[in-house]
Amino acid sequence: FVHFITTNVLLFKRHIMAPFACAFNIKTFGNKKASNMTLMNIISTIVHRYDIILIQEVRDNNLSATKKLMERVNKGSHPFRYSHIVSEPLGRSSYKERYLFLYREETVSVAKSYTYDDGCESCGTDTFSREPFVVMFSSKYTAVRDFVLIPQHTSPDFAVAELNALYDVVADVRTRWKTKDIVLLGDFNAGCNYVVDSEWQQIRLFTDKNFHWLIKNDADTTVTTTNCPYDRIVVTNDMMRGVVPGSAETYNYMMDLALSHSLALAVSDHFPVEVQLAGKALAV
């Protein structure tokens, strides 16, 4: 009994000293995937790795799949518990996706959130296929107490324009919330045929050296046989003090969990991208 408590204390201390954040495009996450216990067990195992995880391609109109995910995640998360915050369905047509953040209650809380106003969808003058659902998180265990996550799943055909427009989202967040501690993350489709070498100079988020692309152009974030750095994590100059240098990478769950390629692909065609947040150790 004493050993059990000690183990949990050590586990808790390890997590608060090294909070992890991640972006994961779980391909077409809806009721079909949420009803597959094999896949849900794998997804839950991946979630438990993180203090904050952004899930993209959530196709869940009534949030029933999200409810199943939360129940499954919290069954195996002891001594931690996860909460979530989710966007409205976003999209120009009948095809819509949600941005879903899961976060560990013991280490992180949501301070505030808003959906970026990118213009008139019905007029056809909006900027993003899925406008960012911006969330400020707060943690007494991180070197930067309050920090903002801007999620983005770009439309592949308009990746360059949407990535460039993220610069304006950052400016809006800075004006609205008076903060410069910002992380942009998600499936940017930032590579291969969607963003070619000659187009990077059109992306202010890339040309402005006040932004740091932590997942590099030579990364492979795909489960398929392609070799593409679609998924990215970008931080502002100010937020660099809030991340552990060199900690950003692709999490290859296929290798780590010893899955077959077909099973890994059934979970998603993307690997998560992750970064370790600089933490504050507790005195115990």
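For all residues, glycine too, the Cβ spot is worked out from N, Cα and C.
Unlike curated records, TrEMBL annotations are generated automatically.
If you look up TrEMBL, you'll see Glu97 (among others) marked as active site. Long-range C-beta contacts of Glu97 (active site), restricted to its own chain and to partners at least six residues apart, with a cutoff below 8 Å, comprise Gln56, Glu57, Val58, Arg59, Pro89, Leu90, Gly91, Arg130, His153.
Counting every protein chain shown, the Cβ of His153 (active site) has 25 other Cβ atoms within 10 Å. The annotation active site is assigned in TrEMBL to His153 (among others).
A 10 Å cutoff on Cβ-Cβ distances gives Cys123 (disulfide bond) a total of 7 other Cβ atoms nearby, all chains included. For Cys120-Cys123 (among others), the entry in TrEMBL reads disulfide bond.
The annotation disulfide bond is assigned in TrEMBL to Cys192-Cys228 (among others). All chains included, 19 other C-beta atoms sit within 10 angstroms of the C-beta of Cys228 (disulfide bond).
Feature annotation from TrEMBL assigns domain 'Endonuclease/exonuclease/phosphatase' to 23-270.
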Which of Cys120, Cys192, all disulfide-bonded residues, has a Cβ with the fewest other Cβ atoms inside 10 Å: Cys120
Reduced DSSP assignment, Cys192 (disulfide bond): coil
Taken over the domain 'Endonuclease/exonuclease/phosphatase' (23-270), the model's mean pLDDT: 96
Cα separation, Cys192 (disulfide bond) to Cys123 (disulfide bond) (Å, whole number): 31
